[in-house]
């Protein structure tokens with residue numbers, strides 16, 4: 001009798017749990033339905049798809065008229081456009097409107113006029129990607145950037161060019177990567193004997209195989225390893241320096257002053273406006289001084305003005321270690 005009672009209670013308990021789960025599911029569905037109904041009631045619906053398209057100017061070209069749950073037609077906008085306005089059409093949210101409008105123009109003639117023919121350093125072309133799709137925008141020549149204050153093309157600074165070169169190198173590495181260690185060894189002649197195929201754990205090549213070249217060698221056009229030039233070593237030294245500066249940057253002015261003892265009295269903490277340290281505070285050292293290990297300012301050693309090859313290779317190895325982390 002006791003066993004039967006226990007079984008009865010267990011069955012009843014399971015039924016209650018199932019009923020609660022069913023009830024919860026129904027409540028969730030009802031809530032979603034109410035939210036959808038409320039959203040549709042706040043929009044101006046049309047009886048037909050054609051009526052919706054006419055009244056909303058085809059959703060301003062940034063969406064499609066679709067039928068809602070009550071039979072009315074509404075604009076379904078393409079992100080980041082949203083339904084708004086008295087006619088319930090598609091509009092760019094105010095917070096994203098300004099920067100897009102600076103760059104984009106409705107016609108090629110307007111683009112050329114407003115940007116002074118892209119300042120002579122680019123061409124007005126029809127954009128086919130992202131928020132600017134279907135509008136005209138300056139495509140700037142190499143060495144120039146966009147947008148400036150009116151959407152034209154301004155010269156890139158030397159540091160910007162260095163940074164963009166680094167990004168281009170990252171993309172190049174992605175194209176050199178292979179899906180397997182066998183494919184990597186075969187296609188690169190085992191890294192030309194100056195490296196080895198390893199699985200990448202960083203950046204766009206993560207999970208693929210790429211030649212990890214020995215010190216003094218770099219990936220060549222087909223992904224193998226060729227000797228580095230002196231100029232390439234200088235360039236990577238600069239990249240390593242950027243990494244070092246990033247580790248020295250502080251989030252606030254007081255923190256920068258405190259941690260560096262006011263730049264050791266030989267500089268001042270300023271907000272960085274470029275590269276990885278943008279928006280953070282870092283010591284800008286006086287002439288004849290340079291950032292030390294903790295981010296302050298120490299006198300430059302004249303003997304260090306000409307860095308020897310061994311030092312460059314040390315920086316290169318440090319960079320490789322940073323990228324592997």
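Backbone N, Cα and C define each Cβ position, glycine as well.
These come from Swiss-Prot:
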type     : residues : note
DISULFID : 52-65    : disulfide bond
DISULFID : 59-75    : disulfide bond
DISULFID : 77-90    : disulfide bond
DISULFID : 111-124  : disulfide bond
DISULFID : 118-138  : disulfide bond
DISULFID : 140-153  : disulfide bond
DISULFID : 184-197  : disulfide bond
DISULFID : 191-211  : disulfide bond
DISULFID : 213-225  : disulfide bond
DISULFID : 256-269  : disulfide bond
DISULFID : 263-283  : disulfide bond
DISULFID : 285-297  : disulfide bond
DOMAIN   : 48-91    : domain 'EGF-like 1'
DOMAIN   : 107-154  : domain 'EGF-like 2'
DOMAIN   : 180-226  : domain 'EGF-like 3'
DOMAIN   : 252-298  : domain 'EGF-like 4'
SIGNAL   : 1-19     : signal peptide
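Swiss-Prot feature annotations superimposed on the structure.
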{"residue": "59", "record": "disulfide bond", "DSSP class": "helix"}
{"residue": "65", "record": "disulfide bond", "DSSP class": "strand"}
{"residue": "124", "record": "disulfide bond", "DSSP class": "strand"}
{"residue": "138", "record": "disulfide bond", "DSSP class": "strand"}
{"residue": "211", "record": "disulfide bond", "DSSP class": "strand"}
{"residue": "256", "record": "disulfide bond", "DSSP class": "helix"}
{"residue": "269", "record": "disulfide bond", "DSSP class": "strand"}
{"residue": "285", "record": "disulfide bond", "DSSP class": "strand"}
{"residue": "297", "record": "disulfide bond", "DSSP class": "strand"}
Among the disulfide-bonded residues listed as 59, 118, 256, within 10 angstroms of residue 153 (disulfide bond) by C-alpha we get 118
A 10 Å Cα radius around residue 263 (disulfide bond) captures, of the disulfide-bonded residues 138, 140, 269, exactly 269
When pLDDT is averaged across the domain 'EGF-like 2' (107-154), the result is 79
Residue 138 (disulfide bond) and residue 111 (disulfide bond), compared by Cα position, are separated in whole Å by 7
For residue 65 (disulfide bond), the close disulfide-bonded residues (Cα within 10 Å) drawn from 59, 75, 77, 285 turn out to be 59, 75, 77
Summed over the domain 'EGF-like 1' (48-91), the DSSP helix, strand and coil counts are 11 helix, 16 strand, 17 coil
Counting every protein chain shown, other Cβ atoms within 10 Å of the Cβ of residue 65 (disulfide bond) number 22
CA-CA within 10 A of residue 213 (disulfide bond), subset of disulfide-bonded residues 75, 77, 269, 283 in residue order, equals none
Between the C-alpha atoms of residue 297 (disulfide bond) and residue 197 (disulfide bond), the distance in angstrom, to the nearest integer, is 41
Comparing local Cβ density (other Cβ atoms within 10 Å) for the disulfide-bonded residues 77, 197, 256 points to 256
